[in-house]
């Protein structure tokens, strides 16, 4: 790629540069309930990457702080947070269709209306659809740890990613991460400690106790019983 200044420039010359992805798309089968939830709710709750830059006020029909979560899994925690914080608007991004269906089914059942979802690559959504300075909180909970050393480059938390994310957060906005993989927690801390424009909200300059706003998952509860740790990190955009 050295002869090109960007992937876009390479593409214009007919050269394709393979992008390192932080996820592996595992398609799993949709249940009938998940399929029905997508059919019933996508028109009102689904967002399309191809539509480009979002007008948050138009999407949600009001002006409110916006929280974005990358990789919400089956969506239980995201729906719970949206229900518990009705004064905020939530956007979730997930690449696995069964998770999209489960999230929409749960949102419908809970009567949650302040939630929208993308079925797309989060890095592309951030770049093309989220306006600079528009997010009050960014959430990344239990991302794939890519625990083998040779795969660490696939971890989503990298200097380039957190710098791009900083531009999307409002001044005073918070990037909240959580992982149950200690080595990844250390990796996150190492990256964020030197990332410009961020301030660690930990009084000990490392991790924070789980904030009340992040629901305790069944997976975590089981982990606690087995003595497994979970690490939360919160960094505020200050510049």
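Every residue gets a Cβ built from N, Cα and C, even glycine.
What Swiss-Prot records for this protein:
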BINDING   69, 94, 121, 144  S-adenosyl-L-methionine binding site
ACT_SITE  144  active site
BINDING   148, 180, 217, 218, 219, 220  substrate binding site
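Shown on the structure are the features that Swiss-Prot records.
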residue	record	Cβ contacts under 8 Å, 6 or more apart
69	S-adenosyl-L-methionine binding site	78, 90, 91, 92, 93, 138, 139, 140, 141
94	S-adenosyl-L-methionine binding site	71, 72, 73, 75, 100, 103, 117, 118, 119
148	substrate binding site	none
180	substrate binding site	142, 219, 220, 223, 228, 229, 230, 231
217	substrate binding site	76, 77
218	substrate binding site	none
Assigned element (helix, strand, coil) containing residue 94 (S-adenosyl-L-methionine binding site), judged by DSSP: strand
Neighbour count (Cβ, 10 Å) for residue 219 (substrate binding site): 14
Local Cβ density at residue 144 (S-adenosyl-L-methionine binding site) - other Cβ atoms counted within 10 Å: 16
